[in-house]
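Undergrad: So Swiss-Prot lists these for the protein:
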{"type": "BINDING", "residues": "F307, D308, V309, G310, G311, G312, L313, G314, V315, D316, Y317", "note": "substrate binding site"}
{"type": "MOD_RES", "residues": "K127", "note": "N6-(pyridoxal phosphate)lysine"}
Amino acid sequence: MSDDMSMGLPSSAGEHGVLRSMQEVAMSSQEASKMLRTYNIAWWGNNYYDVNELGHISVCPDPDVPEARVDLAQLVKTREAQGQRLPALFCFPQILQHRLRSINAAFKRARESYGYNGDYFLVYPIKVNQHRRVIESLIHSGEPLGLEAGSKAELMAVLAHAGMTRSVIVCNGYKDREYIRLALIGEKMGHKVYLVIEKMSEIAIVLDEAERLNVVPRLGVRARLASQGSGKWQSSGGEKSKFGLAATQVLQLVETLREAGRLDSLQLLHFHLGSQMANIRDIATGVRESARFYVELHKLGVNIQCFDVGGGLGVDYEGTRSQSDCSVNYGLNEYANNIIWAIGDACEENGLPHPTVITESGRAVTAHHTVLVSNIIGVERNEYTVPTAPVEDAPRALQSMWETWQEMHEPGTRRSLREWLHDSQMDLHDIHIGYSSGTFSLQERAWAEQLYLSMCHEVQKQLDPQNRAHRPIIDELQERMADKMYVNFSLFQSMPDAWGIDQLFPVLPLEGLDQVPERRAVLLDITCDSDGAIDHYIDGDGIATTMPMPEYDPENPPMLGFFMVGAYQEILGNMHNLFGDTEAVDVFVFPDGSVEVELSDEGDTVADMLQYVQLDPKTLLTQFRDQVKKTDLDAELQQQFLEEFEAGLYGYTYLEDENLLI
């Protein structure tokens, strides 16, 4: 369903009717620049996301058309006023198309620069995000594009869309007879379908079914390399990887095809180093090794025409431009240059033709295009007041804490900040133990905790972030003093990789970014699971365990954006606590400042989620009705309860109350 609508949303302060003096605008620009550095927006945002003069996140889906941008905070508020439920995914199909154009352009420049005569195709692996909006946005971009399938279901989706691309189809993954027949049917229909052999057991079935269908199969071979990347996804490449043939098996495959008279069917060489390759050196090493396979296969009489380097093109989630797990130390041009040069160099050295180069760059195409937006439903601040001095006969631990507090305010003291902090921590530890054994009262425990928070705040004020010796203490205190923000979303459903492999995603408020980030926060979801928390956040050039936050009204906190969740997250999300898919809207931004929004996914209802676990909503409603009727409640109240139960069954799985803040 869609609620296709056009909104003339403003893209600048002037169009909002907000008048500011030149001095105010200049000050906002300075603060915006500081926020860009704090959250590294300039790097992970990749010109798609920025901070405008109002201190709001703005989105420019096509950086080649900079006047086409939208204020995301204003867009969300407008949508809310029109009935949009949160959490919701705000998807920008124009970003998908720009990413595809950018990668294609990088390889075009590389081919021209190195005199490379072969073609290039980006083949989109739909496993990264199989949603129709993604596949069809890419197909309708006007750019050359192939599609990759890794299962029967994916192959059916690919074949159904193949008529719109007339390009390349690559078939990976485990294959049974039905999968293989589907691929061969696609070839018979006139599509260029490459069946990539990843297990020796597949080739006999391929040859058998090709004969049955009277079709010449178009085959590829996935070679298992010794080269391997590093990081969270390294196991998908290298000698121990799940897929691919070892060198001996590659030779066996060649001989099997030669004996069957089908050696000319083997036309594609495929390898995969791993997903999200952080270091360009690892990519270059792997391509050089795979180029040797290309050379050696030609020596064996195999006319390889396509060189599929697989995935690996990473994105900079951190914005640190480094080789850490969630970053990359290279850009699109360097990636394309390394691949084209390595393959071209091997061809020139051995007098071989330049093959068509294929990359399966799904993450790099899709990650940026989706933002999860949600509301904060509760804030727990570490508020404190400095307590008065303890009574004269108070236990020693209380007196010791008070003495440390007084010493912190005496001029000329020689004790270090760390020593003050450690002393107060030891005293508080003793008090907690004493409380458990009955030595300390509840009032005394509360007094000690308030004084400890006061001490932490006092130490925090005297620490210098530029002093490397202070960093461990700063991190410790930021964790201790951070606000707890309860956010209306499920980490397991919307960002499963943040939970499963500790992947970092950019998270920040959508507004208030023209202010100094004076507070720190940790974000907690609404699942009944202590793992439902985000553990790492962007903080300048590093990663922190708390999120920098500008000052905000705890009674009206800002909305939060979870960025770069367009790759894998929607597909991998699980049903923990029966929280379902969120609503999703597609946003189109035009140079005249107008915006069109289409509802692409209504989100799951409670009934939808119950049916997934074989709980029939109608049966549940009947069972609840039977219970209500057995009560001594009056008829009007019974009817009210039944209506509320039924409305809940067909309502959103997330919190919907207008007065949610707790």
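Cβ atoms here come from the backbone N, Cα and C positions, even for glycine.
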Undergrad: Measuring Cα to Cα, how many angstrom lie between V315 (substrate binding site) and K127 (N6-(pyridoxal phosphate)lysine)?
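TA: Here the two Cα atoms are 17 Å apart.
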Undergrad: Under a three-state reduction of DSSP output, how is F307 (substrate binding site) classified: helix, strand, or coil?
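TA: Its secondary structure by DSSP: strand.
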Undergrad: Determine, to the nearest whole angstrom, how far the Cα atom of L313 (substrate binding site) is from the Cα atom of K127 (N6-(pyridoxal phosphate)lysine).
TA: 15
Undergrad: Measuring Cα to Cα, how many angstrom lie between Y317 (substrate binding site) and the residue listed as 'N6-(pyridoxal phosphate)lysine'?
TA: 20
Undergrad: Which whole-number value in Å describes the distance between the Cα atoms of the residue listed as 'N6-(pyridoxal phosphate)lysine' and G311 (substrate binding site)?
TA: 12
Undergrad: DSSP three-state call for the residue listed as 'N6-(pyridoxal phosphate)lysine': helix, strand or coil?
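TA: The residue listed as 'N6-(pyridoxal phosphate)lysine' sits in a helix per DSSP.
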Undergrad: Near G311 (substrate binding site), which residues of its own chain have a C-beta under 8 A away, given they sit six or more steps off in sequence?
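TA: Looking at Cβ-Cβ distances below 8 Å from G311 (substrate binding site), excluding near sequence neighbours, one finds P125, H272, L273, G274, S275, T359, E360, S361, G362, R363.
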